[in-house]
Structure formats: structure tokens, C-alpha cells
Amino acid sequence: MLAATCPMLQSAACALSAKRISRQLSSPRSGRRTQLDLEHTHLTIPNWDKINWHYQIIQFYDEAIRQLKDALMPDAIDARFQNGEEFPEDILGVVAIMSMFELMDAPGVEWRAHLSALPLLNEVSQMTINLSNPLDHSRDHGRRSIFWSFARQDVISAFVHETQTFLNLDDRTLWNGFGLDTSDFGISMSKQELSHFSPPEIWREGSSPEESVSNAMTWILGRIINYITSGDSLNPLDFSRPTRRQAFFSVSQEALLERWCLLNTDLRRWYQSRPPTFNPSARSRITAADGCSSDVAAAFERTWYNVPMCAAAMQSYYMGRILLLMNRPQESTAIRSTVASRLKCYQDTERHVLNHSRQICGISLSMPPEAVRIHSLQPLYVAGQCFSRPHERQTVLDLLLGVERDLGWTVTYYVNKLREDMDTGIIGSVVVMDQFKQKFGSFSSVVHGLIVSSILIPAALSSFFGGKLADWVGRPKSIFVGALIFGVGAAIEAGAVHLAMFIVGRVIEGLGEGLYLGTLVVYICEVSPPKQRGPLATGPQLLITMGIVVGFFTCYGCERLYSSMAWRTPFTVLACISVLFSFSFLCLPESPRWLTLKNRLSDTARVWEYLEVNEADREELIEDENHIQETISNSLAPTGSILAPNTLDQVVSQCSHISKAKEATLFEAFGSDVRSRTFLGLFLMGMQQLAGIDGVLYYAPLLFQQAGMSSDQATFLASGVSGLVIFVVTIPALLYADSWGRRQNVILGGIGLTIVMVLIGSLYAADAVHQSTGAGRWIVIVCIYLFAAIYSVSWAVSCKIYAAEIQPQRTRASATCLAHGSNWVSNFFVALITPVLLAKSSCAAYFLFGACTLLTVVVCLFWMPETKGKSLEEVEKSFNKVT
């Protein structure tokens with residue numbers, strides 16, 4: 001009634017509605033959309049898909065804020081009091097709506113600031129209204145509705161931020177003034193006392209017993225949250241709070257238990273005294289015809305209520321039950337209980353918690369009205385934390401994402417806490433297997449992220465010192481050691497009996513991978529003739545892409561095994577392949593350049609002959625370019641002297657002795673003569689990851705879901721098809737690596753990557769990607785594949801070769817391994833920031849990756865000389881000209 005005559009309320013309500021519609025059109029899809037979902041999200045606005053909803057939001061929001069500022073001017077306030085309007089229902093109503101407007105985006109710190117003035121409502125509660133006037137009945141109901149809207153937001157904020165509510169829940173005057181009957185012993189909830197909540201006359205004006213009882217549940221839930229969060233910190237301000245709201249520092253166990261029992265009594269009295277409308281009107285089992293798996297059908301049943309607010313209140317009740325059960329203080333006893341009795345107590349608690357969690361999900365599975373689904377986010381999140389079985393947790397995720405999809409409410413906070421990250425190759429497929437979770441149990445997204453990323457940082461650390469090991473023992477032996485360590489780590493993973501052992505295996509894998517991966521590229525570059533170096537050095541990249549494909553389909557096949565061998569088999573195969581790979585390098589010849597560095601000239605000649613490299617193609621093994629130029633230009637030196645050696649053997653012998661006398665160290669890669677090219681290698685290998693390729697591969701299912709694909713389709717397209725695309729396009733990259741050239745490949749590839757990333761980001765920024773209609777989503781899907789293809793034929797190939805080619809002999813191994821370490825660190829950084837960026841904005845990640853590729857293109861245009869087909873010594877000359 002008030003909104004019909006108040007333009008300010010109309011503008012605020014329209015801004016909220018426009019924002020909701022806009023969020024519906026841009027939110028990521030989740031799961032299959034049933035006919036019932038479509039009925040809930042059907043829009044009857046003509047040409048709704050052609051309206052610029054962002055503009056509508058700004059227009060209505062600006063109008064509402066302008067009118068609110070005018071209403072808060074001193075002259076306007078004085079005029080209200082002169083007209084007898086003591087309670088500003090319209091102003092508080094607009095504030096409540098605009099606070100809800102902020103809540104739709106995310107329950108962040110900024111939104112909580114909107115509630116900081118809630119304690120001032122205590123003054124509003126003192127304003128009296130004449131209930132003999134029928135018009136004042138409506139005004140009183142509006143006043144209470146606004147207050148309880150704020151109270152619910154306050155409870156949500158306290159729950160999300162794990163802190164106290166702004167409103168003092170022990171202030172009897174405040175809560176009694178808004179229709180709640182409280183006392184020092186809790187809440188009055190007998191059936192005879194229900195009339196104390198609201199006079200019967202007001203029920204006819206829009207209030208009802210159901211509304212009053214639901215409000216009582218909000219108050220009880222807020223007290224439970226305050227009880228749980230009171231002991232989280234020792235804030236000095238806690239001691240200035242009322243007695244019942246102080247932190248539990250120095251509070252006895254008996255006092256804690258007394259407070260817990262009081263809350264438990266309130267919750268039990270509320271449940272026992274609830275009206276009949278709070279009982280389910282119907283229940284039904286989920287069947288296969290509903291499109292759900294047999295596991296989901298066995299775990300949940302749909303629950304309906306005749307009155308929607310009763311469904312929301314019951315979800316809050318079950319949430320409160322779970323929070324109390326999980327936070328019960330230990331009861332003091334004279335005689336310690338037995339292990340069996342304690343274990344039975346824990347089992348009973350688990351049984352009750354799981355039952356309450358399934359009740360919460362059952363209510364949401366019945367697809368209640370929108371107002372109920374909006375208030376179901378917190379109960380669903382609590383339920384999701386209690387489940388350990390994958391199908392139950394996935395059901396919670398689908399329900400949460402369904403709220404965002406259908407109603408436009410952001411669920412990022414809750415989903416990020418429950419969703420498990422995604423990975424490439426074997427590990428990403430293994431950790432989501434039911435058999436893996438049956439062995440190690442379900443774990444949080446933080447633990448999942450630790451499992452996935454535990455290989456990255458060890459690999460980065462070991463790669464920093466891999467070059468020194470390669471210079472010390474030789475290239476093949478260094479690769480042998482690294483691959484063998486990697487195989488040992490995979491074997492530990494295959495035989496893991498607990499999660500800690502599995503993570504240790506991942507760490508050992510990372511140490512081994514960092515040792516051999518960078519050295520492998522160095523070895524190939526050093527044994528390859530200049531004209532074949534590009535294709536040969538591309539071989540490892542082709543094998544990596546093949547490993548991604550084989551890893552996915554191996555896990556896909558093993559998933560059908562019912563024992564733990566479903567996840568142990570891929571790691572067993574990986575361990576066997578790694579051991580075979582490592583021992584094969586004991587049969588390969590040493591790098592001729594390393595032999596020259598060690599002054600083993602006879603061995604160098606034998607290796608060149610073994611490799612069948614023609615004399616014409618054998619590169620000059622001269623290490624110090626400046627010294628050689630000096631010896632050549634000195635025509636006055638006697639023939640055969642140290643300054644002017646007259647044979648190649650003398651030159652080699654001289655330079656080898658110099659090299660041996662001056663053994664390279666890790667920090668020599670930053671010497672004045674090679675510092676610039678070392679930094680260029682670090683930059684290129686770091687930016688190779690900051691282009692976003694691993695962000696695309698790790699989180700491709702999420703990207704496809706944002707573009708409108710279902711979760712099942714997204715998983716297959718991301719893990720299977722993406723791997724096949726990358727593998728296929730790597731083949732021509734291998735064949736034509738030298739034909740394209742390093743500089744040209746990096747620059748043109750970077751331009752292509754920039755265009756693709758900017759295109760995707762622009763589509764999301766312009767709100768052109770819709771889940772069910774339009775060509776925007778298909779353009780995004782094609783662009784993701786195009787990005788992977790361009791990257792695989794350009795940066796994936798050229799950057800690794802280039803980082804090794806530009807280094808002189810003495811620093812090649814150490815500098816190349818340092819560059820690979822930069823790659824690992826960037827990989828870890830991308831894995832961390834990608835989900836954060838995708839959660840904050842659908843376009844931010846793409847613009848960031850596009851900016852990184854564009855920056856790389858600019859740097860390469862000015863500071864990257866061509867190395868295609870040149871000897872490693874000729875590369876030094878080219879680089880010196882550029883620098």
C-alpha cells in the first residue's frame with residue numbers, strides 16, 4: 001500500500017527488480033534445467049532480452065538515492081513531524097530495499113556497513129502507534145516488516161562474517177516493541193501465548209501467527225550465532241558488551257553449558273509449540289524420472305509446506321539444530337565416560353546432524369517460492385558442510401547455483417567454500433572419484449587446493465637448483481635423478497593409506513619434475529643441429545599434451561572400478577612410466593657441450609659421431625665470445641701461442657681450461673654479460689603462464705558453465721575435448737617450429753591470444769553471454785578452444801626453446817632451470833587468482849590475461865632477437881646486437 005503512493009519506494013523496488021533480472025541473465029548455469037525451473041524463471045516482460053538492464057539498474061538506483069537524500073534533508077524531516085509522521089516508514093523501507101540491493105551482489109564487508117546503524121532502531125521502537133485507528137494497524141505492520149527485514153539481514157551478516165549481530169538480542173524492550181514476547185528465561189512459545197506476538201486485529205491487516213512464529217525463529221537463530229561467535233576472539237570491546245554478549249574468555253564450562261541449554265530449550269519450545277501450518281503438507285521420494293541419480297534419490301525426499309514462510313522458518317530451525325549440536329560444550333562429570341559411550345554420543349550427533357541436513361535439502365528440492373529460496377542459502381551452506389558423500393555435496397551445490405541462476409542472488413561465498421577445484425591430467429580426475437573420497441573422506445576446497453597445488457611450489461624450488469645439478473653430474477644423469485624421484489612420488493601416491501601420505505607423494509613428484517623438466521629442454525637443444533632444434537625441442541610439449549589426454553581417458557576408464565584401484569591404477573601406471581623414462585636416459589649419450597665444458601674432448605667427438613651429426617653441422621664449441629674475438633684479431637701473436645692458437649683443438653682446449661677454472665654458479669646467470677637475457681627468459685616463461693592457459697585448463701568446466709553448458713557437458717568438454725584439441729594442434733607446431741621462427745611465433749601468437757581474451761572479456765562485460773539464448777555463449781566456447789589452439793602452436797613451443805637458446809654455454813642449464821622455476825611460480829599464482837577473479841567478475845580474468853599477453857608482445861617487439869636456424873653461438877652475437 002505504501003509503495004503505491006511513494007515514488008521513492010517505487011524507484012528502490014524497481015532498482016532491486018532490475019538488478020535481479022540482470023543477474024539472472026548473466027549468472028552461471030548449473031546442472032539440468034527442469035520444466036519446473038523454467039516456470040520459476042519465466043519472464044513475462046515484453047522483449048526482456050533486448051533491454052539494457054544495466055542502464056535500467058543505474059537509472060532506478062540513481063533516482064531512489066536522489067529521492068532518499070531529499071527526504072533526509074532537515075526541512076523535509078521537520079515537515080514530517082509537523083504533519084504528525086513520527087515513524088518514517090518510507091525512508092526505512094527504502095534503506096531496507098537498498099541494503100538488500102547490496103546483499104544481492106555478495107555478503108561482503110561493504111554490505112555489512114549498511115547495517116551499522118541498526119542499534120538506532122531501538123529509538124524507533126519507542127514510538128507509539130494508536131492501534132484503535134485501522135490505518136495505524138497497517139502502519140504498525142509495515143514498521144514491523146521493515147524491522148524484521150533488517151533483523152534477518154543482521155543475522156545473515158553475523159553468520160557470514162562469524163561475528164556478533166549489530167542488534168542486541170537481549171534487549172527485551174526492543175524485541176517486545178516489535179512483537180516478540182521474551183523474558184530472562186528465553187522466549188514465550190506456548191500455544192496460549194501466541195497471541196502475545198501480534199494482536200488478532202493486526203493479523204487481518206496482513207500479519208499472521210505464521211509470520212510471528214517465523215520472526216521468533218530469526219531471533220533464536222541470531223542468539224545461537226552470537227553464542228557460537230562470542231568466543232572467537234579476545235576483543236577488548238567484548239567486555240563493554242552486555243553480560244550475555246561478552247566473549248567466553250574465563251567463562252566456566254558450567255556457564256557455557258547453561259547458555260547452551262537455554263538456547264536448546266528455546267529451540268525445543270519453538271518446535272513443540274509451532275502451529276500446524278509448520279508441519280509438512282506432503283513428502284515424496286525422488287525418482288529416476290526426475291533426472292536424478294539413484295544415490296540422490298535414496299538420500300533425499302522432497303518436502304512441501306502450504307505456507308511458504310513456514311518452509312523458510314523450518315530450514316532455519318534445522319540450521320539452528322545443526323549449529324547447536326556441533327557446538328555443545330563438554331559436560332563436566334565426576335566420573336569420566338567410557339570410550340564406548342563417548343563414541344555412541346558422537347555417532348548420535350552425526351546421525352541427527354545428517355538428518356537435519358537432509359531435511360534442509362528436501363525443502364529446497366521441492367522448489368518453494370522465490371522468497372523461501374533466497375533465505376535458504378545459509379541453511380544449505382551449513383548442510384553442505386555436514387555431508388561427506390560426493391552426491392550429497394553436489395546436490396547442495398546444484399541447489400545453491402540454482403538460486404543464482406533463477407533468482408540472480410550471488411552464491412559465490414558459499415559455493416567457493418564447498419566447491420572442489422579442478423585440475424588437469426590425472427590429479428583432477430582422481431580427486432573427484434567416489435572411490436578416492438571413500439578412502440580419504442570428503443575435504444574442503446582449501447584441502448583440495450592444497451592437494452592440487454602441492455606439486456607446484458616444490459617443482460619451482462627444485463627447478464631453481466636443477467641447473468646446478470645438471471652442470472655437476474651431466475644432463476642425462478640429472479634427468480634420470482629427477483624422473484626417478486618423480487616416479488617414487490607417484491608410487492607413494494598409488495600406495496597412500498591416508499591423505500597426508502598422498503600429499504607427501506605430490507610434493508616428492510614436484511621435486512622430481514622441477515629437476516628434470518628444465519634440463520630436458522637444455523639437453524635437446526644441445527644435442528640438436530640448428531636446423532632440427534625447433535622440431536626436436538617441441539617433442540616434450542607434444543608428449544605433455546599426449547599425457548593430458550591419456551591421463552583423462554585412463555581415469556575415465558578406471559572410474560568404473562569399484563575398489564580403491566580406481567584411483568590407484570592411474571598413479572601406478574604413472575610410476576611405471578616414470579621409472580622406465582628415467583632409466584632410458586642412462587642409455588643416452590652425454591651432451592657434447594657439457595663434455596666440452598668439462599674438457600673431455602675425445603668423448604665430445606665420439607658423441608657427435610654417435611649422433612650422426614655431420615662435420616659441417618657441428619657448431620663451434622667456443623664459450624667466451626669476447627675472448628675469441630680478441631685472439632682472432634691479434635695478428636701479431638706467434639702461431640700456436642696462447643693468444644693466437646692455430647688449431648681448433650687448441651681453441652677448444654684453451655676455452656675448456658678457462659671454463660673449468662671458472663665454474664658457473666647459480667648466480668652467474670645474473671652476471672653483467674648475461675643478465676638481460678636471463679631476465680628475458682624469466683619474463684617469457686613467467687608470462688607464458690600469465691597468458692592464462694592453466695587458468696583455462698584448471699577451471700575450464702567453470703568457464704563452460706558460465707557460458708551456458710551443463711555441468712556434465714562442461715566436465716567432458718573441458719577435460720577430454722580440450723586435451724584432444726591441444727594435442728592435435730601441437731603436431732603441426734612440432735613439424736613447422738623452425739619454419740615459423742621463434743620471434744614471429746611469439747609475437748603473432750601473443751596478438752592472437754590478446755584478441756581472444758579481450759573478445760571474451762568484452763562479451764561478458766557487455767552482458768552479451770546468456771545461458772539459454774543468443775550467440776554470445778557459443779562465441780565464448782569457440783574462443784576458449786581457439787585460445788588453447790593458438791597457445792599450443794605458439795607460446796607453448798617457442799618460449800621454452802627460446803629460454804634455452806639465448807643463454808651461453810656456461811649459464812644455459814642454470815638460467816633455463818631458473819626460467820622454468822618462474823613458470824612454476826606463475827602457474828601457482830594463476831591457479832590461485834583465477835577462481836577469485838571468476839567469482840568477483842565474469843570478465844576480470846580475461847582482461848587480466850589479455851593485458852599480460854599484450855605486454856609480452858610489446859616487450860618482444862623491442863627486445864627479442866630471432867634465433868631460428870642459428871647456432872647457439874650465433875644466437876649470442878644476435879642477442880648482443882639487440883642489447
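Each Cβ is built from the backbone N, Cα and C atoms, and glycine gets one as well.
The annotation domain 'Major facilitator superfamily (MFS) profile' is assigned in TrEMBL to 409-868.
According to TrEMBL, the transmembrane segment annotation covers 446-467 (among others).
Taken from TrEMBL, the feature transmembrane segment covers 479-508 (among others). With a cut-off of 8 Å between Cβ atoms, the residues of this chain six or more beyond the transmembrane segment (479-508) that come close are 427, 440-441, 443, 447, 450-451, 454-455, 458, 462, 466, 469, 473, 514-517, 519-520, 523, 568-569, 571-572, 574-579, 581-583, 585-586.
Among the features that TrEMBL reports, transmembrane segment is placed at 514-530 (among others).
The transmembrane segment annotation in TrEMBL covers 542-563 (among others).
Listed by sequence, the residues of this chain that lie at least six past the ends of the transmembrane segment (569-588) yet keep a Cβ under 8 A from its Cβ atoms are 426, 429-430, 476-477, 479-484, 486-488, 490-491, 493-494, 505, 512, 551, 554-555, 558, 561. Feature annotation from TrEMBL assigns transmembrane segment to 569-588 (among others).
Feature annotation from TrEMBL assigns transmembrane segment to 679-704 (among others).
The transmembrane segment annotation in TrEMBL covers 716-737 (among others).
Taken from TrEMBL, the feature transmembrane segment applies to 746-766 (among others).
According to TrEMBL, the transmembrane segment annotation covers 778-803 (among others).
The transmembrane segment annotation in TrEMBL covers 815-838 (among others).
Only residues 6 or more beyond the boundaries of the transmembrane segment (844-864), in the same chain, are considered here, and those with a CB under 8 A from a CB of the stretch are 676, 680, 683-684, 687, 690-692, 695, 742-743, 746-747, 750-751, 753-754, 756-758, 760-761, 764-765, 802, 833-834, 837-838, 882-883. According to TrEMBL, the feature transmembrane segment maps to 844-864 (among others).
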Checklist entry - Which whole number is the mean pLDDT over the domain 'Major facilitator superfamily (MFS) profile' (409-868)? => result 72
